[in-house]
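According to Swiss-Prot, the features are:
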- 147: phosphoserine (MOD_RES)
- 80-255: region '8 X 22 AA approximate tandem repeats' (REGION)
- 158-168: region 'LDL and other lipoprotein receptors binding' (REGION)
- 210-290: region 'Lipid-binding and lipoprotein association' (REGION)
- 266-317: region 'Homooligomerization' (REGION)
- 278-290: region 'Specificity for association with VLDL' (REGION)
- 80-101: repeat '1' (REPEAT)
- 190-211: repeat '6' (REPEAT)
- 1-18: signal peptide (SIGNAL)
């Protein structure tokens with residue numbers, strides 16, 4: 001189960017670039033053809049074969065499911081896969097060294113040194129892949145809510161180079177192991193027979209194990225993808241329900257504010273009318289008094305003008 005999980009987690013890296021690579025021109029990947037040439041049935045080689053199969057499957061997943069993979073658990077599972085792969089590779093190397101006793105010590109030391117270097121390169125490639133995933137997850141979280149198209153394109157370019165380098169180093173490691181086996185044949189026929197007797201059951205066991213993993217891997221992964229899809233749909237529905245509830249609350253608050261504003265406007269109108277009536281009660285007596293005074297003044301002026309206009313009596317009479 002750990003190998004299955006780890007294979008899915010590693011292959012997700014290429015799945016992140018599926019959307020970007022659909023836009024650019026499709027180019028043939030020669031590494032897939034090389035893969036078929038060097039696979040000979042060893043356990044670590046079969047694991048790499050499943051890696052490429054899962055790679056194509058993960059590319060069919062939706063972006064939502066791919067984003068679900070961007071979690072700390074993914075990094076932990078990927079680290080577990082790397083440790084398990086290197087452990088099996090070291091165990092296989094130890095078995096070969098035990099069976100190569102007829103080979104000269106100098107030849108064994110040289111072959112062992114070359115094999116360790118190839119093994120270290122393969123481990124560094126896997127660590128680089130894990131580091132790219134961690135870096136990508138951090139950048140995606142930092143760019144939350146923004147466009148990640150440029151980030152996906154850059155990651156796609158890095159992952160393509162890493163896939164080629166990983167396959168190249170795995171091919172080199174397979175060749176080193178082949179040299180080990182050739183050295184056993186050159187050493188003694190007895191050693192070769194012992195190696196074949198030991199490796200035969202291991203190869204068959206690896207093939208059976210790979211077939212079992214391949215038959216059981218598809219269904220759990222599909223069920224997990226469906227479960228993720230259902231979780232995403234449930235989250236979307238929950239967010240929609242919360243949004244609707246929030247809109248209803250906002251509408252109620254707006255209605256309350258409107259009612260308060262109308263009430264305050266009515267109060268202001270009443271206060272204005274009361275103030276107007278008060279002003280009228282203050283100034284009406286003054287206006288009436290001024291009107292009376294003005295009328296009296298007009299009457300006096302008219303009376304004065306009438307008196308001055310009367311004729312003066314003549315002295316002749």
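The chain as shown is numbered from 1 upward.
Cβ atoms are placed via backbone N, Cα and C, with glycine included.
Long-range Cβ contacts of the region 'Specificity for association with VLDL' (278-290) within its own chain (Cβ-Cβ under 8 Å, at least 6 residues beyond either end) are absent. Mean pLDDT across the repeat '6' (190-211) comes to 62 in this model. Across the range of the region 'Homooligomerization' (266-317), the DSSP-based residue counts are 43 helix, 0 strand, 9 coil.
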